[in-house]
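First the structure, in the form of structure tokens, and then the observations on it.
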Amino acid sequence: MSALGKGMGMIRRVMALALLLLPLAFLASTSAHASARKTADGKVTRASGRCGSCHPDERVAFEKSRHAGEEMHCTSCHGGNDQTVDEAAAHSGPNWRGKITRAEDPKICASCHSDETRMQPYDLPVDQYDLYQTSGHGKGLAKGDGKVAVCSDCHGSHEVLSAHDPSSRTYVTNIPRTCGTCHGDSTLVRERKLKDTYHEYLGSVHAKSLFDKGNLKAPTCVSCHGVHGASPSDIRNVNKVCGRCHTAERRYFQAGPHAAAMAAKQMAECSSCHGDHGIAPSETARLATSCVKCHAKGSKDEVLGATLLATYQAAEDEIRKAEALVAKADAVPLRTEDYKARIEEAHTYLREALTAAHAVSPEGMSGYTERAKSVGEEIQEELKSKLQNITVEKIFLLVFWFYVIVTIGIIRRFRDADAEVVK
Amino acid sequence: MSTLPKAAPATSRWDRAIDWVDDRVNLSELFSFLTHFGLIYTPIDTKRPLRDVLHQVRTTPLESYARWPHILGLLTALLFGLEAVSGILLAFYYQPTTLSAYDSTRSIVRDVMLGWLVHHVHMWGSYLLCGVVLVRMLRLFWDGLYKAPREILWFSAVGLAWLVIQLDFTGLLLPWDVKSYWAAQRGLEIVWSLPIVGPLFSTLVGGRTMSEDVLNRFYVLHIIVLPLMYLGFVYLTFATMRRVGLSRIAGAVPKLTTFRRHVSDLIVITLLLFAGLVTLATLMPYQFHGAADPYQTPKGTLPPWYMLAPYALFQLPIPRWIPGLGLLAVALALPFLPAIVKGAGERLDEKRLRMAGLGVFGLWLVLSVLGALVDRK
């Protein structure tokens, strides 16, 4: 037993020593990991080579970027030699470029990003540079305007991240702010006589959907203006651009009288009523209120708008009444699942009616409002009769009381049966 | 067995049948046990055969309590009986889980034959029981019926009142309806604010907020623990009454009646009570407001009515334990009122005491109204 005890003591001591050494081993391993890997011939294999010795901030930004992991080095853009810390040696060589100017920025990016052979493995498009040339930004740059956006303004210079990375400036929820860096800059927009479209957008229903509801499919700047070929939409194209998502609205609009008339007068179709960047949520009241923006007050066109609104509201009213009855039936409770489904259906018709209203034709819209209305009326009728069935219980109550009173009468006779006996 | 007294000779087949059972089971003892919960209060010799006992009961004149104001005590027992029967029927269908409580309650009201009647009768019975118990306490106080030798009667009256409130509070949560859920949640917050008792109670029922545990424990309290305690207090009430007799105005001669009339009156009262409940249940049914959603407090959420006064007190800008301590002191002092009054002096001014009691009751009413107005801003 004692031999075994000695053995155990020995094991304990060794384990204690190992535990003491553990932190040291950990430190050693992490410091080895942190330092740049060197090959046998002393070459530094990290993306930033030895440049970080003098440019630590750029090194940190670059090492985090999407480029750093993809065989890109400082020298890929800036040229020079990244294996030396001697300034003269590092900043020299046949391809030494040094600081990149705004004017040459797109060309340098394009040297890889327009190369199909290089981009194919990443499944990236190669037309960005060509698109950029067609954009307002690209045209401005070509004219020597030094303030227009170049690649690095939106993507970052050293810290380029994938558009799928939520911390990237080009991630969908960050795009408005990225464009807003210039298009929301009050000094810059005043100088260039532009609209502050960024802040307008922030108040729009699109921005609410994107930011408040987290709908990543909600339109941002690039959804309408294009990504690299960024350009303002032509007035004649507004309905086409909006119609990319609002297909049904565009179809009805083109069937209506407004399409041809507005095209003839060079008016922006959708945005005349809805606004452009600060698009407001669709309000049914606008069926009547937006007409007088162009048409005279009291004109037959204003009356037409009022008719549309009245038709819509009549249907909405019936549905609301039906909903109130469903709530009443729910409190009893009756089975209301079917009614709820039908009310949902009626709401769909109502929604469709608003879309159909873009043709500005009461006949076209009433097809939907009438259907919504009749569903509402049917539900009301059915529920009213079901709720009335409950009154039958009240009639039974009278019968019940009759029997109670009769029973009490019988008991009273039984009660007084022994009156004389006790006396 | 031969030492037992013999009953009068059997004259009918029915008498012989009773005798046959009575020779094998002590029916008199069983009868005596039943009468402990009311019905009659003639002394019964359980050693004598049942037929003799029944004869004695039938022929001894007694003072009926099926008359105002004694009927209040009777109603606390009768209503409890109706609640027990309807409650058992509800328990056949009710499922005490957060997932199915609401739907099973709705299904009782909607799908089960006459389920709506049972459910609504149970609800109205609880309202009436609360009222009856409260009025009875006020009446006992007003007429000074806590004085010797009726201290235990007062004690059990207060006990019954506390139990009714707890039964109502635990039952309130069970439908898991949005209104009842939040009322119970508010109530639980008030209970939690009472020093010492609050945390103890909240731990006992499974937490400060509503959950599966709380629902389950409320259910067990509602259908087993509290009703058994209630039954105990009902027994205590009738046991006291058998010893000290019915209360009566000083100098009045007791009005005697026969057992037959007494029992007839009891049946008529039960029938009227049931008919009244059925009427209320039909004309003013329970309303469902939707299943409880723990993430959304509806507007105008209030605790149950008996907690409105503490609710108003807790809105004061002082630490909650101060009004909590006060409430606790009042609650604990109430059953021991006879001892406190006795300690105050030999001759107590009954009129002043009545006025003080009335003042406290008035204050409670005012606070309750204020509590109901708290969230109406």
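Residue numbers in this text run from 1 along the chain shown.
Every residue gets a Cβ built from N, Cα and C, even glycine.
Taken from TrEMBL, the feature domain 'Cytochrome b/b6 N-terminal region profile' covers B:17-250. Averaged across the domain 'Cytochrome b/b6 N-terminal region profile' (B:17-250), pLDDT in this predicted model comes to 89.
According to TrEMBL, the domain 'Cytochrome b/b6 C-terminal region profile' annotation covers B:291-377.
Taken from TrEMBL, the feature transmembrane segment covers B:71-94 (among others). For the transmembrane segment (B:71-94), the residues of the chain that approach it from at least six positions outside its boundaries are 37-38, 65, 101, 104-105, 107-108, 112, 115, 118-119, 121-122, 125-126, 128-129, 132-133, 135-136, 139, 160, 174, 223, 227, 230-231, 234, 237-238, 241, 266, 269-270, 273-274, 277, judged by C-beta separation under 8 angstroms.
Feature annotation from TrEMBL assigns transmembrane segment to B:114-134 (among others). Beyond its flanks by at least six residues, the transmembrane segment (B:114-134) meets 72, 75-76, 79-80, 82-83, 86-87, 89-90, 93, 105, 107-108, 157, 160-161, 164-165, 167-168, 171, 274, 277-278, 280-282, 284-286, 306 of its own chain at Cβ-Cβ distances under 8 Å.
Per TrEMBL, transmembrane segment is recorded for B:154-176 (among others). Residues 76, 94, 96, 98, 101-102, 105, 126, 129-130, 133-134, 136-137, 140, 145-146, 183-184, 187, 210, 214-215, 218-219, 221-222, 226-227, 229-230, 233-234, 236-237, 240, 288, 291-292, 304, 306, 331, 334-338 of the same chain sit 6 or more residues outside the transmembrane segment (B:154-176) yet have a Cβ under 8 Å from a Cβ within it.
Distant neighbours of the transmembrane segment (B:188-207): 213-214, 216-218, 221, 303, 307, 310-311, 314, 320-321, 324-325, 327-328; these residues of the same chain sit at least 6 beyond its ends, with a Cβ under 8 Å from one of its Cβ atoms. Positions annotated as transmembrane segment by TrEMBL: B:188-207 (among others).
Sequence annotations record features per position, and here TrEMBL assigns transmembrane segment to B:219-238 (among others).
If you look up TrEMBL, you'll see B:266-288 (among others) marked as transmembrane segment.
According to TrEMBL, the transmembrane segment annotation covers B:321-341 (among others). Within its own chain, the transmembrane segment (B:321-341) is flanked in space by residues 141, 146-148, 151, 154-155, 158-159, 162, 193-198, 310, 313-314, 348, 353, which lie at least six positions past its ends and keep a Cβ under 8 Å from the stretch.
Feature annotation from TrEMBL assigns transmembrane segment to B:353-374 (among others).
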For the domain 'Cytochrome b/b6 C-terminal region profile' (B:291-377), the number of residues DSSP places in helix, strand and coil: 56 helix, 1 strand, 30 coil
Folded-back contacts onto the transmembrane segment (B:219-238), same chain, C-beta under 8 angstroms, at least six residues removed: 36-38, 41, 73, 76-77, 80, 84, 87, 91, 96, 152-153, 156-157, 159-160, 163-164, 166-167, 170-171, 174, 205
